[in-house]
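Feature list (source: Swiss-Prot):
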| type | residues | note |
| --- | --- | --- |
| REGION | 32-83 | region 'Disordered' |
| COMPBIAS | 32-76 | compositional bias 'Low complexity' |
| DOMAIN | 205-548 | domain 'Protein kinase' |
| BINDING | LEU211, GLY212, GLN213, GLY214, THR215, PHE216, GLY217, GLN218, VAL219, LYS234 | ATP binding site |
| ACT_SITE | ASP332 | active site, proton acceptor |
| REGION | 441-462 | region 'Disordered' |
| COMPBIAS | 446-459 | compositional bias 'Low complexity' |
| REGION | 545-571 | region 'Disordered' |
| COILED | 588-643 | coiled coil |
| REGION | 659-714 | region 'Disordered' |
| COMPBIAS | 659-709 | compositional bias 'Low complexity' |
| REGION | 791-874 | region 'Disordered' |
| COMPBIAS | 791-800 | compositional bias 'Low complexity' |
| COMPBIAS | 808-853 | compositional bias 'Low complexity' |
| COMPBIAS | 861-870 | compositional bias 'Low complexity' |
| COILED | 878-927 | coiled coil |
| REGION | 930-1095 | region 'Disordered' |
| COMPBIAS | 961-988 | compositional bias 'Low complexity' |
| COMPBIAS | 1016-1042 | compositional bias 'Low complexity' |
| COMPBIAS | 1064-1093 | compositional bias 'Low complexity' |
| REGION | 1128-1161 | region 'Disordered' |
| COMPBIAS | 1128-1158 | compositional bias 'Polar residues' |
| REGION | 1233-1347 | region 'Disordered' |
| COMPBIAS | 1233-1245 | compositional bias 'Polar residues' |
| COMPBIAS | 1246-1255 | compositional bias 'Low complexity' |
| COMPBIAS | 1264-1279 | compositional bias 'Low complexity' |
| COMPBIAS | 1280-1291 | compositional bias 'Polar residues' |
| COMPBIAS | 1292-1309 | compositional bias 'Low complexity' |
| COMPBIAS | 1310-1321 | compositional bias 'Polar residues' |
| COMPBIAS | 1331-1344 | compositional bias 'Polar residues' |
| COILED | 1346-1383 | coiled coil |
| REGION | 1375-1399 | region 'Disordered' |
| COILED | 1409-1442 | coiled coil |
| REGION | 1435-1458 | region 'Disordered' |
Amino acid sequence: MGSTTQMSDYLVSTTTTSSASSMVTMTSQIENNSLNSNDNTNTTNNNNNNNNNNNNNNNNNNNNNNNNNINNNNNNGGMVGVNHKTHKKTASIGGGKNRAILHDFTFSYFIPNQNRSEDNSNENELGLNNHNVQHQGPIIHLTKNLLHFYKKCNSNFNYISSLNPRRVLTHPSEPLSNDGYDNVNSDYIVYVNDIITNNESGQKYKVLDSLGQGTFGQVVKCKNCDTDELVAIKILKNKQAYFQQGRLEIQTLKSLNDQHDPEDKNHILRLLDSFIHKMHLCIVFELLSVNLFELIKQNNFRGLSTNLIKVFLIQILDALIVLANANIIHCDLKPENILLQNVNSPAIKIIDFGSACYEKSTLYTYIQSRHYRSPEVLVGTVYCASIDMWSLGCISAELFLGLPLFPGNSEYNQISRIVEMRGIFPSDLLDKGKSSTRYFHRHLGSNSDDNNNNNNNNNGKPYYYTLKSEEDYQRDSKTTLLPSKKYFNYKTLPEIIQNYGFKKSMSPQDIEKEKQHRIVFTDFINGLLQLDPNERWSPMQAKEHPFITGQPYNGPFIPDPSKKRHFTYSQPKQIPQHSMLNGNQILNQHQLFQQLQQQQQQQQQQQQQQQQQQQQQQQQQQQQQQHNQFQQQQQQQQQQQQSSSQQHIQIQPLQLFSTPYTSTNNTPNLSSSNSGSSLNNLKKLNLPPFKQQQQQQFSTSQNSDSFNFPNESFSPRGIYIPSSASNIQQQQQPININNNQNGVGSQVSQLALGQSPSLFGTPTNIYPPYSSMYNNSPVATPNSLSFYGSSWGSDSSSISLNPSTPTQKQMFQQQQYSNNNNNNNNNNNNNSNNNNGNNTNNINSNNNNNNVNRRNRSKSDIPSDSFSSSEGMDPQFNLYQQQQQQQQQQQQQQQQQQQQQQQQQQQQQQQQQQLQYQQQFQTLQDLNIEGEKPPIYPNSPHRKRSHSGYLDQYANGYNSQQTNNTQQQQQQQQQQQQQQQQQQQQQQHPSFFSTRMHLDHFNGGSRYRSQSYGDQQFQQQQYKQQQKNLHHQQQQQQRFMQVGSPPTSHLSPPIPQSPLMMSQPLHQTYIPQQQQQQQQQQQQSQPTPFTPQMISQEPISPALMGDASSIWNPSPTEELLFTIDLPNQQNTPHLTPSNSSTNLLGKSASSPLKNSSGGAIPPTPTIPINMEEINNGFSKFHFNDQPSWNSNGNSPWMIQQQQQHQQGFNGNSESMYNDDLIGFSPYNNYSNDYRPQLFNKQSPPSSYNSNKSFYGGSGGGGNNNNNNNSRPTNQNFSNSLLPSQQQNVIFPQNSPPSSYNSSNSLSKSGGNTVKNNSNTGGRPRGDSMKQRFNSTNNLLSGGSYQYQQQQQQQQQQQQQQQQQQQQQQQQQQQQQQQYKKDTPSLMMSPPMNGLKTSSEIGIPSEEIRYQYQQQQLQQQFQQQQQQQQQQQIQQQLQQQQAPPQNRKQVVIGSYRET
């Protein structure tokens, strides 16, 4: 077999070499045929025939010689060195000592001298009777008669040509799409001998070979199976853009062939057929030969003779005249698109009309191959049919030179080559060009070079253009140019053509004639390569040139102006939606694809429906058997129940696979005593151990309708089902979605795309888990099951009803009927939505079915119910609750009806919008008005994982604003409705336990927990980390003003990026560059003195905040797993408007939390604080006491100065601050401030001491009503929001540390200290909350001995703190002395986190000294106050020496231990 393959390869190689040699001689034959006139054609043919005869004679002589040699060999014994014993064949190579003998033991059964008669008989049978050749070698014998040899070896062998392995013509050949017919490039995978069929006409074409492959698709050589005619079929890619391009080509060729060239005399390609095969558009053409580029390539890229070029140009001009009369532009004329009809003749035809368009109705701006691209296309102006004449001039020069005339490797390089040879482009052309400024410079004045050039391109305008240099172009366009190669030694066209080499065989006379021809040829090309399209010759003018007509040349040719075709730019005929080609109807592209998809999908659906029907029949039979068995068992149970005087709770185990299953678990089953009611029917679920794989239908005797349960997963506890809730089933039907593409309804899964059943069931409650209406339905129906699963008897088992009384049964049946009606309505709505073909789902709908099959949180997050048990107990419920629930359900039904009406309105709007978009899209595609190619599959939906099954209607955002507005309105309406329901329900039935809440459910309905809990936890971690990074970056980047607020003030704004601020947009304003530069310079020039150490502000868990209120402000890193219950106004009498004299937050205050009366509720601090001031009124609580730095109207921060009277700390109503913008409160809205996002951030802490420890608190007290410059260091807060038993505990809220200069620079006139009437001893905050509670517990649990020890420890701690305070005061005095020595500018501390210094604010140095003096006085006063408090504490300790057993509460200092 190896020898046979070698022989076949040799034969193939010889044929290829012979064809290559014939291609080399082809050009000479074409030239000879083109030179001879019609009179000499007969003589040339005779000469060729004679030459052929001579060649045949020579071949015959050679064959005779070969035969003689074979005969001689046979006479000598056939083969040299044959050993008949061993059947060994030897052959000698060389001679003498170097002689080598080759032994061949193959085919030893062929013995040459054995039985000549047998060999002759075999030869006669094979038809090899040759008297000259008595024997053939095994290679020749087995090559020619291989099939006969196989037949001899195996009599059962039969050769079938169709079973031969087929060669693949498409690369890559790996199937990927379109049912395995397409590869990764959407090309149809073609094999040799494939049959391509026109399904409409029944015409079949057999694939023979490949002719080429490109970006459009591929061209294959085929044979018509009916007529054996060879054709070329162009198979386009399975993409919509190429389909549209092929459709244009079909229409263009049809109009040219039928109307403008019906006799096929103008060298335009003929269209034979067109159809669709396997979703690919196929166009059948006549079969042609090689193109002109291949002809030049076969000539080793040497130019052709002027005579042959003349023959080609005449035919091309004839074709262009036809195109001009038809107002058609080819747009892609090049040597590759000009093909020879036959190898032996110069007849050509123009092909590839895929880029053709009508004049003045141009489709694309990126047309023509770069080497043949006209100047108007390069610059980006309106083009016409003259661009084809420019391409013809480039083709003419390339045929003569063998290389492209302008071989640019980029558009800039192409323009530079044209400018170098033909001059600068006309100014009129550059003025209209869209890309002119990209490649040219525009200068004022007149260009001196225009006078030297033949073409004056300035036209008397006051400006001129020059080409950009390579450096300028690379700098402006930010690109890098590749190096280009110059192929010609001359720059001008006449020099290049005249200096081209001559043939060596030419005589001097022939050279002179050739020079004259070249001069005429140069003038012809010069007229085609005019830069101005208006001066460029038309095809009619070019055809009258002496080079074409052969007339004598008397100088530069001046064309006839009357033959110049003035382009009328008439509107071309639009491509009709339906056109007929050879009796075959070509439909619109949308209809074609839809029909094909419908046919395929209909076949698949029919098969699926048949299978489903068979399965349903089998299931029904099984269910009937099970139902009969079940009825028998049920009758027996009912008889037992009727005999008993009391209702017994019986266990009915779930039967797995129709076998009884028993267990020792005592799971109660509440059954009815009525035997005739369908409520006693128990559904048998044939389940695997934990999952129900398929839905099972169950039909009762009273109602034959089938009930489909959703796919669920069951826990081990959910094996038992209570009989009271067995027949309360939700009827669900498969939803038929009307697909836009195929238009055929198909069954789809009830789960959303990409979803699977959760581990503990599917959500069926219409309310979210954090809603107060959640899980309040007493009946265990599929609609009232737990939100986290419908598994019966799970940890969150729902409450079931035992309808034992007649009234309860009636109400139960009414409720069941209403539920079924609601579900049916919802199903109908869903069907209507799907039939409309919308790809979007209504996210804001509250229908049950919209949320039936969505995955939610895991079972560990289920909110526990006060009546539920861990073993699936189902206690009875009273009638009062049933009536209330019926009222709630009626309200829900009304809400659902309103929502359904809203949905219908939305659907109608969406349908109208879709129709408009489809009409616009079809008109754009049919008319091809757009400047770019149509998108591929524009209607395909783009899925977003964040929506978990919900799809946006359009990814391009056509109607995003409208949909967003409607969604926001719906969300607001739903939120208002839910709030009303919650308030009503809380008034009627206050909840025992507050439902838990997750951070994801805080921000509205756009976020879902559709994945498993582990996956979502990972996503939450990513989201949290992003929020952390944003928070950290914003703190570093923003420049804050120092505010005198506590570290986490009770009235401080919420932390940025927290759930309370997620819905508020971050406002960004423009910062002038000059002010930014000034700020940067000031920062660089400022010194860096001592900076205080910042403390961490991590929130404390609410469990440890014994005295904190129930409102809690979470940090960005903490998960909110409980609800925020806002206290009502009646529970907080101190927050009434009558008790508060002033608005604490100002006019522009805003809070994300509000109480029932609309007032703002401040967020809760994360550190325990005093609440006393809140009892006395919000007016006494003062913070962020920042004075107005610039009293004049010209403020450096462009802040409007306002005035507002506020009340002091001591309760007096004297006005001490005339500026409403105290400390730049974050709750105020400063529209004129240019600092971005300044007031959305938490202010950093500050105090007046630079090195003062945060834990060393200074006592508060005393009265000082003077306007001093000291800041309050101890701010007392009340705890009126807590119960009355815990309102006596007072905690001091000390200000955090900061440098002296920073605080002074920010305060012009300080506030007054607080008069503290309570027993506060300045207790430090160094101990944590756990230590505080541990100390209280030990105090209560231990005896008097432990109590005394604790008192001693507290005294020791107080002494240590006093010592620390004294040390800190000494350090402060030392530092203050150092700062006094320095200049006022050095006394200012650097801005901490972007704080302003005194120089920036504009505070003079005298005020700083005054502030320092006032602060020293305040320190002395505070020290005296601390000493008084310590004395009071010691007196109280002496009085409270009674044993702790006789006391319930002990007040120690500012603490109350319970």
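Keep in mind that glycine also has a Cβ here, set from the backbone N, Cα and C atoms.
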Taking residues LEU211, GLY212, GLN213, GLY214, THR215, PHE216, GLY217, GLN218, VAL219, LYS234, which bind ATP in the record, the widest Cα spacing (Å, whole number): 14
Count of other CB atoms lying within 10 Å of the CB belonging to LEU211 (ATP binding site): 16
Residues that sit under 8 angstroms from the residue listed as 'active site, proton acceptor' by C-beta distance, when 6+ apart in the chain: ASP352, GLY354, SER355, ALA356, ILE367, GLN368, SER369
Secondary structure of THR215 (ATP binding site) (DSSP, helix/strand/coil): coil
Additional residues around ATP, ordered along the sequence, whose Cβ is within 8 Å of the centroid of LEU211, GLY212, GLN213, GLY214, THR215, PHE216, GLY217, GLN218, VAL219, LYS234: ILE235
The coiled coil (878-927) [mean pLDDT, rounded to integer]: 72
For THR215 (ATP binding site), the number of other Cβ atoms found within 10 Å of its own Cβ: 7
For VAL219 (ATP binding site), the number of other Cβ atoms found within 10 Å of its own Cβ: 18
